[in-house]
Amino acid sequence: MTNIRKTHPLTKIINNSFIDLPAPSNISAWWNFGSLLGICLIIQILTGLFLAMHYTSDTATAFSSVTHICRDVNYGWIIRYMHANGASMFFICLFLHVGRGLYYGSYMFSETWNIGIILLFAVMATAFMGYVLPWGQMSFWGATVITNLLSAIPYIGTNLVEWIWGGFSVDKATLTRFFAFHFILPFIISALAAVHLLFLHETGSNNPSGIPSDSDKIPFHPYYTIKDILGALFLILTLMLLVLFSPDLLGDPDNYIPANPLNTPPHIKPEWYFLFAYAILRSIPNKLGGVLALVFSILVLAIIPLLHTSKQRSMMFRPLSQCLFWLLVADLLTLTWIGGQPVEHPFITIGQLASILYFMILLVLMPIISIIENNMLKW
């Protein structure tokens, strides 16, 4: 008799995705982040669900409802801080996952890569709207500044912004709709993640060497299930260290001040994971130009596969490209630092140089270096 695991329509899908899935024998810990992102998403949905049971999306009570969750709800404080810091863990895993894709040439799976970019945009939108919900100073002014960027769109901009706001400023209508979208988007993200996996399993995983591994596959279970569990333990350990020892380390103190439309904070800045994009936005003195640069800073990932000029898929055996990749990482860290600094000399100049370098590396230097490396193979 055949095992029900392999015959039942539901278990068959799980079996082919997580148990009997043929996986390359040499994938490293950099391949753990897909499963870690899945765990992050589950943590965020569960903690978010329990927070939504006690949260009120009304400007008069939103701030005090969050306070109520932390003070009066059983273990409300831990749920709230797991949700807030879970977002940070989510983005750490996301950036490492995308970085892995860039380094090892995983972007050659174009469907998987493109859905990944859509997922990145969806997660960023969700995180932005979630940051507005506690209705602190940074929530209110962050929402005002970022939504206002849409007014740079010619002709329809102003109408579009007022339509999103549901009025002439960020107010009760904005908060209510942001809560609705923040609640529904993670489920859309879950569906997209399933499609992301579907496309990945059409081709099978890439591996560090970038060489096809069809001749050397091992079953996902037990080899990679145990490896993923180890990664998950590290993730949960890091998250709980953050939550239990310094829950406000990555937050902004201004968000403990209730939203006040009459008082602008001295430095409006988003959460740390958006600072690199915020720095790129601010580095261009023109409003529309800044908005385009902001969108393109993520959208540039979509044209990476078209700019792949190397004869090798992975960077494993390409030392010059490796140097350029780590320069890109350093540049992104610089942008993240600049995004959190005030708009004054020398930060403006550093931000502009770092922004130019970011696009230069991805669009110009990477393809050129790859061609040089191709020629070096003939030496």
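Every residue number used here counts from 1 along the chain in the order it is shown.
The backbone N, Cα and C atoms fix where each Cβ goes, and this holds for glycine too.
Database features (Swiss-Prot):
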type	residues	note
TRANSMEM	33-53	transmembrane segment
TRANSMEM	77-98	transmembrane segment
BINDING	His83, His182	heme b b562 binding site
BINDING	His97, His196	heme b b566 binding site
TRANSMEM	113-133	transmembrane segment
TRANSMEM	178-198	transmembrane segment
BINDING	His201	ubiquinone binding site
TRANSMEM	226-246	transmembrane segment
TRANSMEM	288-308	transmembrane segment
TRANSMEM	320-340	transmembrane segment
TRANSMEM	347-367	transmembrane segment
Residues that sit under 8 angstroms from His97 (heme b b566 binding site) by C-beta distance, when 6+ apart in the chain
Phe33, Gly34, Leu37, Gly116
Do any residues of this chain, six or more beyond the ends of the transmembrane segment (77-98), have a C-beta under 8 angstroms from a C-beta of it, and if so which?
30, 33-34, 36-37, 40-41, 43-44, 47-48, 50-51, 66, 69-71, 116, 120, 123, 127, 130, 235, 238-239, 242-244, 247, 250-251, 271-273, 301
Fewest neighbouring Cβ atoms within 10 Å among the binding-site residues His83, His182, His196, His201 goes to His201
Could you tell me what the rest of the chain brings near the transmembrane segment (320-340), counting residues at least six beyond its ends with Cβ under 8 Å?
99, 102-103, 269-270, 272, 274-280, 282, 310, 347, 350-351, 354-355, 357-358, 361-362, 365-366, 369-370, 372-373
Inter-residue C-alpha distance, His182 (heme b b562 binding site) and His196 (heme b b566 binding site) (nearest angstrom):
21
Between His83 (heme b b562 binding site) and the residue listed as 'ubiquinone binding site': CA-CA distance (Å):
30
Rounded distance in angstrom between the Cα atoms of His196 (heme b b566 binding site) and His83 (heme b b562 binding site)
24
